[in-house]
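Reviewing the structure listed below.
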Amino acid sequence: MEKRIVCLAGDGVGPEVMESAKEVLHMVERLYGHHFHLQDEYFGGSAIDLNGQPLPQRTLAACLASDAVLLGAVGGPRWDSAKERPEKGLLALRKGLGVFANVRPVTVESATAHLSPLKKADEIDFVVVRELTGGIYFSYPKERTDEVATDTLTYHRHEIERIVSYAFQLASKRKKKVTSIDKANVLESSKLWRTVTEEVALRYPDVELEHILVDAAAMELIRNPGRFDVIVTENLFGDILSDEASVLAGSLGMLPSASHAEKGPSLYEPIHGSAPDIAGKNKANPIAMMRSVAMMLGQSFGLTREGCAIEEAISAVLKLGKCTADIGGTETTTSFTKAVMQEMEEQALVGRGR
């Protein structure tokens with residue numbers, strides 16, 4: 001297989017974890033006979049430094065022409081007083097790609113379950129599906145004076161149906177349960193959300209549907225996260241709840257994410273930030289970035305075997321006690337990456353020898 005991947009290393013630890021992603025992709029090429037054209041483009045703060053814009057037209061054009069986009073990290077205090085903020089580029093990139101579904105799998109490795117703030121953390125295995133293009137972040141009017149400020153929360157039927165349908169399709173391949181999170185006891189937009197969700201559910205009779213109000217959901221994520229399979233919710237609620245859920249893994253450096261469009265390339269990125277305090281020190285945890293690569297291989301390219309090989313190698317290395325500093329170890333970004341690559345190679349040799 002031959003695919004073109006645009007690599008947006010971005011800021012902070014982004015270039016370091018992106019290098020890990022590239023090395024893993026090169027290992028996949030060697031072991032499985034694929035070829036990936038990796039195209040580097042400027043994005044975020046590094047792009048602002050170059051030409052004053054966080055998302056240059058050249059970068060967006062390259063992304064649109066690609067088969068998938070990998071993003072390292074964006075932002076940092078260096079650009080806090082800049083006219084253009086790096087994070088603005090991320091919103092523009094999502095809009096330019098037309099991605100509407102943000103997918104965050106939340107799992108806990110048995111080898112690192114002790115780092116989770118919860119007991120029985122190794123029972124956690126769910127996915128948060130967040131609507132990305134509607135809701136209060138993108139609705140108008142937005143107004144502010146010295147005395148009053150106004151934001152508008154709007155959702156259209158087709159936006160709700162699109163994201164909920166995606167969640168049901170995903171659940172049908174997992175444990176067949178969808179939890180829809182809203183505030184239908186108060187918000188008109190949530191009442192429409194619940195109505196449309198129930199209509200979509202009729203098309204998936206083998207998938208269980210439950211509704212939970214967002215405040216109760218925030219509590220249940222901590223009290224009983226094992227009850228969830230696929231969570232689907234609107235933009236603001238998803239923004240908050242997915243960050244809450246990410247803490248369950250014990251480190252932000254463990255979890256990947258994907259953002260999908262109806263057509264065109266998807267965007268894959270770790271959920272952690274740019275971590276400027278450790279940038280350039282070879283301390284960043286590359287697991288979330290490598291898992292983002294695994295998601296890309298499976299979800300965009302249909303290379304499930306190759307994606308699983310990366311995941312299995314990561315788990316095997318962790319079970320050997322090899323961990324980066326954020327999860328209680330002494331491995332560097334490069335040494336952990338090399339350990340995963342070696343494990344991938346060894347597992348491939350064992351598989352071929354059977």
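Backbone N, Cα and C atoms are what each Cβ position is placed from, and that goes for glycine too.
The NAD(+) binding site annotation in Swiss-Prot covers 76-87, 273-285. The substrate binding site annotation in Swiss-Prot covers Arg94, Arg104, Arg130, Asp215, and the record cites sequence analysis as its basis. Per Swiss-Prot, Mg(2+) binding site is recorded for Asp215, Asp239, Asp243. The feature site 'Important for catalysis' is assigned by Swiss-Prot to Tyr137, Lys183, with sequence analysis given as support.
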- If you measure between the CA atoms of Lys183 (site 'Important for catalysis') and Arg104 (substrate binding site) and round to the nearest Å, you get 21
- If one measures from the C-alpha of Asp215 (substrate binding site) to the C-alpha of Asp80 (NAD(+) binding site), what distance in angstrom results, rounded to a whole number? 32
- Task: Taking the Cβ of Asp239 (Mg(2+) binding site) as the reference point, list residues of the same chain whose Cβ is under 8 angstroms away and which are at least six residues distant in sequence.
- Result: Arg130
- Message: Taking 8 Å from the centroid of the Cβ atoms of Asp215, Asp239, Asp243 as the cut-off, which other residues in that chain fall inside it around the Mg(2+) site?
- Response: Val214, Ala218, Leu236, Phe237, Gly238, Ile240, Leu241, Ser242, Glu244
- Which one is it: of the binding-site residues Asp80, Glu84, Asp243, Gly273, Asp277, whose Cα lies the shortest distance from the Cα of Arg104 (substrate binding site)? Asp243
- Other CB atoms within 10 A, centred on Asp277 (NAD(+) binding site): 11
- Minimum Cβ neighbour count within 10 Å among the binding-site residues Asp80, Asp215, Asp243: which residue? Asp80
- Same-chain residues at least 6 apart in sequence whose Cβ lies under 8 Å from Gly76 (NAD(+) binding site): Asp11, Gly12, Gly45, Pro86, Ser274, Pro276, Ala279
- Task: Taking Cα atoms as reference points, rank the recorded positions Arg94, Tyr137, Asp243 by distance from Asn285 (NAD(+) binding site) and give the first.
- Result: Asp243
